[in-house]
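> Mind looking over this structure? Questions follow.
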Protein chains: 2
Amino acid sequence: MLRWNEVSTDAQAAALMRPAVSASAEVEAICQAIMANVKEQGDTALLNMAKQYDNRETPRLLVPLSEINDAEQQLSSELKYAIDTAYANVKRFHQAQLPKDIKLSTQPGVLCELKYQAIEAVGIYVPGGSAPLPSSVIMQGVLAQLSGAKTVVLTTPVQGDLPINPAILYAAKLCGIKTIVESGGAGAIAAMAYGTDSVPKVNKIFGPGNSFVTMAKQLVAQTIPGMAIDMPAGPSEVLVIADERANPEFIAADLLSQAEHGTDSQVILLSNCALIIAQTEQAIERQLTALSRRDIAAQALANSSFILVDSIEQAFDVSAQYGPEHLILQLADANPYLAKVKNAGSVFVGDYTPESAGDYASGTNHVLPTYGYSATYSSLNLLDFFRTYTVQTITENGLKNLSKAILPLADAEGLDAHASAVKVRLEAMNRGNE
Amino acid sequence: MLRWNEVSTDAQAAALMRPAVSASAEVEAICQAIMANVKEQGDTALLNMAKQYDNRETPRLLVPLSEINDAEQQLSSELKYAIDTAYANVKRFHQAQLPKDIKLSTQPGVLCELKYQAIEAVGIYVPGGSAPLPSSVIMQGVLAQLSGAKTVVLTTPVQGDLPINPAILYAAKLCGIKTIVESGGAGAIAAMAYGTDSVPKVNKIFGPGNSFVTMAKQLVAQTIPGMAIDMPAGPSEVLVIADERANPEFIAADLLSQAEHGTDSQVILLSNCALIIAQTEQAIERQLTALSRRDIAAQALANSSFILVDSIEQAFDVSAQYGPEHLILQLADANPYLAKVKNAGSVFVGDYTPESAGDYASGTNHVLPTYGYSATYSSLNLLDFFRTYTVQTITENGLKNLSKAILPLADAEGLDAHASAVKVRLEAMNRGNE
């Protein structure tokens, strides 16, 4: 337990220090080779990689539509209900984010519009690895569906010759996704970026992944003009602010639910009460033994900080300094503090709002800025699937008036032709009036 | 003149090909050295660079507030009126973009909110070079002002020991900018990214610049966690779609106003009328001789395409394929086509809406995606100065209901602790009810 006010600013900074994550030059070189291979050989490259990396004997790329449609028959009614509910809640919250065009005259005869265009083709990466992640499909697929994107491609790795988990296929079906590609890693990213015979080329790629996926996303964004990616991904993190009446069992469970994500996860507890911190540490030890991923969680906890602050007020300052992906407020009354929330990805208010509610089903998005990006980057939202552009329509009289603003500025900036584009029109108007 | 339907798709693609822009390894190495220098030596490094690169004998960094306040006395009444009008129009259009928080219950007891936070500290780069650019101050400064950013830093290079142009200082004053730093290039970007004694550290850096500025922006975004930049900048471009009744003098003037920006500017004319294309070429020759930047414009025109299409309909398809920064529609009636506009940065509708209206004063932003980025990237808008985050507040009963969605999903994903964070709470509720 660190007593915030009793240590130096260096020690304070160290307590909030994230583990360094820098991609190795080796990862970059491997990704570049894979990308070049996919760019040149397309589907053939993807099929060869499926054999080589995913131990597939008879790899295929596209999942037949019938398999997507039939997947729900393999789900328990409980899991189907869960996916349906999560889908409905996420859809409800994001539907409210549908953008509206703006149209106004800035001065008479000068009409300006801000318009939204759905990004036409989007790619969604769903990691495979240790567990199937239907929630990851929902958190991205619902937004693609709501945007009206013309092309939505989902890529996910398949290990051995097991079929894709039916929960993933069913979630994709709800989101209206018809193009599901059995391919993972940097190869899948390259396929969506360049396009192959089976995989449509997309404009923007979303989704988390391992260091190869993250590196490949960065490389395609840097090298292909106009190619976009969602946001830089880092290890997951939670910061809990708890007052003296908070329940240590709840706090411990929330910290562990973050810690089980990976050994590089980071969890931070801030409290104004030393007893709560001590009781939480005891509760963690008790709860840890029951978890299947206890080794991962224990390693993550080793990087973590339990900090005693002077006041809940101060806890919010420390949180803003850290910029947590998830911020949990186990406070008797969080309302007076909500205006102090800064640099958080998603906030969980009150004793009965665990992070796992937002991870799965409350309706908010679980794709969040991490690793300090939350000072500038947004939680994934519907506008990430749109772009804006502007339109202006000016009448003859509108231009005549506006010329008094344009011409002196063009002159000040030494741009004759900018002025001339207005002057030829004013002259034409004058000739017309003669 | 290229007849679109009579050439191969390769020739079509070649006509829309942009000149390659790739930063040299040399530029990158120079930027890295400058950044390291600024990070280590701060103000001293900036002052040394001002002597070395900007020929300043007695460099200073911060412009005194009195100079910012007094600048308007040096402006002609015409230029002051122009800046005032541009400022008012840009403010009016962007004020309408102020975001509103969203709050809704996705199911009973599950309250979800989307909230906006202004990015706290922003940096604005204003290029110096051949002309002062007050319009560049307005197009960025108004947005920073409207967002309510706590810290706004403007950096701009000063050549020799001339003062900053009063038009820049006055525009900055209107935007409420008090921190103006006389420093340019990669050094100014590094100063805003790392902070120095005189230059506050910012979270996001906006603004165009030469290849060193662009490279430095990319490098700080890649290497400093959470540091953001506005958008990748490329050479400026315009595409004009003109019908058989369009005025060749207007078209020529619009193409030239783009071409004078730089030798790498690209201009494209699409028309369904060969005579209009021929007359525009003649008008360009005539108008070119009168321009002070005619050599630059002539070189830019050498890279450009004049394309005869079968129909105005087809012109919009070609435009979507190119994805122009500026799209000018000199059509008798553009309305039936506006729904076909795709991948454009800013659109100028009708004979009396020249690009220079949007460059300076109509109210729309002139910071636009270029080089094909307009398929995915937005025109600069007020939301670029905000980030979003989410908040959820769940009641005991809300969590009880939601648990039926959370628990099966946590189980399917093999994340015990995610389930446990809900279960400990359900158990506590049950104990409370006993």
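In case you wondered, yes, glycine gets a Cβ from its N, Cα and C as well.
Where the annotation comes from TrEMBL, it is an automatic prediction and has not been curated.
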> Look at the substrate binding annotation in TrEMBL, where A:GLN258, A:HIS261, A:HIS326, A:ASP359, A:GLU413, A:HIS418 are given, and name the residue from A:SER236, A:SER304, A:SER305, A:SER379 listed for that site too.
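Given A:GLN258, A:HIS261, A:HIS326, A:ASP359, A:GLU413, A:HIS418 bind substrate in TrEMBL, the matching entry from A:SER236, A:SER304, A:SER305, A:SER379 is A:SER236.
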> Count the other Cβ atoms sitting within 10 Å of the Cβ of A:GLU413 (substrate binding site), across every protein chain shown.
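I count 21 other Cβ atoms within 10 Å of it.
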> Per DSSP, to which secondary structure element type does A:GLU325 (active site, proton acceptor) belong, with helix, strand and coil as the options?
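Looking at the DSSP assignment, A:GLU325 (active site, proton acceptor) belongs to neither helix nor strand, so coil.
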> Name the residue among the binding-site residues A:SER236, A:GLN258 whose Cβ has the smallest number of other Cβ atoms within 10 Å.
A:SER236
> Could you check what DSSP calls A:GLN258 (substrate binding site) once collapsed to helix, strand or coil?
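Looking at the DSSP assignment, A:GLN258 (substrate binding site) belongs to a helix.
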> Checking your reading of the structure: which of the binding-site residues A:SER236, A:GLN258, A:GLU413 lie inside a 10 Å Cα sphere centred on A:HIS326 (active site, proton acceptor)?
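Cα filter at 10 Å returns A:SER236, A:GLN258.
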> I want to verify one value. Collapsing DSSP to three states, which class is A:HIS418 (substrate binding site)?
helix
> Want to know which binding-site residues, from A:SER236, A:HIS261, A:ASP359, A:GLU413, A:HIS418, are within 10 Å of A:GLU325 (active site, proton acceptor) at Cα; which are they?
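Close binding-site residues: A:SER236.
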> In sequence order, what residues of the same chain, 6+ apart, have a Cβ less than 8 Å from the Cβ of A:HIS261 (substrate binding site)?
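Result: A:PRO235, A:SER236, A:ILE296, A:ALA300.
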> Give me the long-range Cβ neighbours of A:HIS418 (substrate binding site): same chain, 6+ apart, Cβ under 8 Å, in sequence order.
A:ILE406, A:ALA410
> Around A:HIS326 (active site, proton acceptor), how many other CB atoms lie within 10 A of its CB?
25
